[in-house]
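Lifted from TrEMBL, the feature list:
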- 38-258: domain 'Anoctamin dimerisation' (DOMAIN)
- 261-846: domain 'Anoctamin transmembrane' (DOMAIN)
- 272-297: transmembrane segment (TRANSMEM)
- 350-370: transmembrane segment (TRANSMEM)
- 433-453: transmembrane segment (TRANSMEM)
- 485-509: transmembrane segment (TRANSMEM)
- 530-547: transmembrane segment (TRANSMEM)
- 645-668: transmembrane segment (TRANSMEM)
- 696-720: transmembrane segment (TRANSMEM)
- 801-832: transmembrane segment (TRANSMEM)
Amino acid sequence: LVLELNQVIIPTYGTVPDQQNLHTPEWADFDDKPDSLFFSDGQRRIDFVLVYEDESKKITRKRSDRKKQKRKRQVYESNLINNGLQLEATRSVLDEKLIFVKVHAPWEVLCAYAEVMHIKLPLQPNDLKTRDSAFNWFSRLFRVDENIIKPEQEFFTAPFQKEHLSNFYIQDKDTFFNPATRSRIVHFILSRVEYATKNNVKKFGINKLLDTGIYKAAFPLHDSSFRHLSTDPDCPSERYLLYREWAHPKNIFKLQPLDFIRKYYGEKIGIYFAWLGFYTNMLIVAAVVGVGCFLYGCLTKDNCTWSQEVCDPNIGGNIIMCPQCDKVCTYWNLTITCESSKKLCIFDSFGTLVFAVFMGIWVTLFLEFWKRRQAELEYEWDTVEYLEQEEQVRPEYEARCTHVVMNEITQQEEHVPYTACGKCIRMTFCTSAVFFWILLIIASVIGIIVYRLSVFLVFSSTLSQHINGTEAIRKYLTPQTATSVTASLISFIVIMVLNVIYEKVAILITDFELPRTQTEYENSLTTKMFLFQFVNYYSSCFYIAFFKGKFVGHPGNPVYWLGKYRNEECDPGGCLLELTTQLAIIVGGKAIWNNIQEVLLPWVKNLIGRYCAAARSEKVVPRWEQDYHLQPIGKLGLFYEYLEMVIQFGFVTLFVASFPLAPLLALINNMLEIRLDAWKLTTQFRRMVPQKAQDIGAWQPIMQGIAILAVVTNAMIIAFTSDMIPRLVYYWSFSVPPYGSHSSHTMKGYINSTLSVFNTSDFKSASKPFSPWFGNQTTCRQVYRDLRYPPGHQHQYEHNIYYWHVIAAKLAFIIVMEHVIYFVKFIISYLIPDVSQKTKSKVKREKYLTQKLLHENDLKVVKKTMGKIANRIIKGVDSTFFPKAE
């Protein structure tokens, strides 16, 4: 979109147009009405506020720089006035250096730009009958009282056209455009008005003026204080109502007033809270099933035969384990792992398998039902055809449109910012930069692995395990535990540091890529950031789940990293418990960090600002100055809110087989998250510029990708990380003849048959422990279940038949589980359409009635102006299409 605007532009930084040609804002003093949302005349509504520091009072810059900034600002404000906006300037009450420029858009400007932006506006009240759900009586118990927040009246809408002004439902010109729409239109103008040119390059837009410090802030106003109702009787005090009925902690079990949120903050904020609320509600089912599986594990852990054997002094007490590292590590007793084996029985049970299958189906139900809910919101919030009709080209894209190409569809010339070759170069550069940073994260993960391998030697020597040790702390503070916890903490710190750096890099890459629309920009940035965050957050979990302890060799021939560091081994029960620990530290630490960063820091900053302001003055402060001292929302807006929840969604689905309580913890976190985000928006941040959004953007395909990957990861966790498959193979095949000696299927003897035997005389000199051997035993057992032939066998230390049976069972299990779940997912996706028939009918009905209404109104105008001629034409048309019955 190229707007032909009559603007005054500075040709160069060194020349200044005649000051008489520049329009300046009106000046007015504050009228001591703190809740006023109008100019000093009490008639013109404030749609936007610009804040700058008086250049004559600045002391930090050179005089020439201050003059240049003043010129740019004056020309920008003059161009705003030339575009029809009305400006009024008022000096700050608390700081005389600050000046607030209030912006008002008159009716003519609103109409002109509403047509340019294809904004949908009401035609007539919606007369379609809606049937109440069967569960409406139940949901009413959790809804906001309709006497406090009244339901919004529904309308048939159509893109605004000034020539059809009489067709639209206009009862009052002052309220036809609601405050959110007014602010959106004004921001559209602010983003495209020019203020200078340099070397034939246009400089324009409020964003660049904010970046260069010419303006300190630009924001729409909150309509009242969140603590009390506005003193203006005509003000609806929507912010106060949102705080009291939505953001306050007392509402934690209430449904969100989504229509009211959308009305005040716009569709983009509304769709986020709609998605978060829907996700939280769906987690209730997953949490209930997860708790059930956890309780099943707790109730059956006392019947866990293999754990009883580990803790039995006559079985586990007689099993001596081989050292877990070279030289400094000593021999140890299997009973040391008694406590961890009991905990492992809770998570590594049959209930975990059931829960993993359930979650594979649950995630499909969640995504399919969300698509239906999203389609309903698209209809209710008039965003069905938003991307095709309303979304505008980004001003940054418009400014770079210097190349002329031929449009294949219209066969007309159009301007683009780069040629096909230039676009290819940009995409190649951006893709290479993203992969470089992903490789950097992988390098940091390898660094953490090397740390784990090297520090294990230190902990093994300082936390030496003695077979006859009786200290209680030795049951918990093992070298493996100490290594795992410290590595997880370091991994968390590395994740947070890389996050801060990569955010800036991703924004630079996306800016260079130059997407055409804001939706394309956000989707591109989202994809880049999530690829980075996916590797950053999940890499350590993937390492523990699928690589640790899988390639270690055997005591006589261990595998080394970089030819120096001996590969890590899992506990006798596997790495499942360590994976749970890693998840708990990362998820818990991330939640605490996010709450500090998102909630506590803005609250502290605002508290300091209010304290300093109160210390300077006890004067009455206007609404615009109160809002100025709140925190800005940031350029990325809701990105980190989505990212936090989608990362959590990944932990809940990708690794749920290792921790069935994850959905419960996510449910509790999300119930608090909704209210914390609401509290933050209504009390700590300036009002966001309302924006349209049709859906949740790139997060939808990202979650679909996670859902597909989750089936594979959970199947592989059960097969390769847990000990379930080896136990089942032993129970059904190797506990009875011909491989076993028991007369019936049993788990007795499982520990003794799965820990491979190693002769201590076969240790190589490089790995032989310093500590002397004790007792009469000449053998030790491998820590992990490697299932090898014992010493003296003709194939000693090679994998035995049990090992190959287990591998075959694991592969068969993965194939069967994946295919069954994928088949069920496909059936569910097929049976649940993305858009319900009810919503489809509503959309078609609205289109039909809208077209009919506009057509009939046009005919009325024709009849009124042409009289009898029009009547004859209409009768002729009617007789043609509807001949009289004989």
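Placed from the backbone N, Cα and C atoms, the Cβ positions cover glycine too.
The domain 'Anoctamin dimerisation' (38-258) scores a mean pLDDT of 86 in the predicted structure. Ranked by Cβ pairs under 8 Å to the transmembrane segment (485-509), the stretches 272-297, 530-547, 645-668, 801-832 are led by 530-547. Note: the stretches the transmembrane segment (645-668) and the transmembrane segment (433-453) are not in contact (fewer than 3 CB pairs below 8 A, sequence gap of 6 or more). Long-range Cβ contacts of the transmembrane segment (801-832) within its own chain (Cβ-Cβ under 8 Å, at least 6 residues beyond either end) map to 356-357, 360-361, 364-365, 368-369, 372, 707, 711-712, 715-716, 718-720, 725-726, 728-730, 733-734, 739, 753-754, 786-788.
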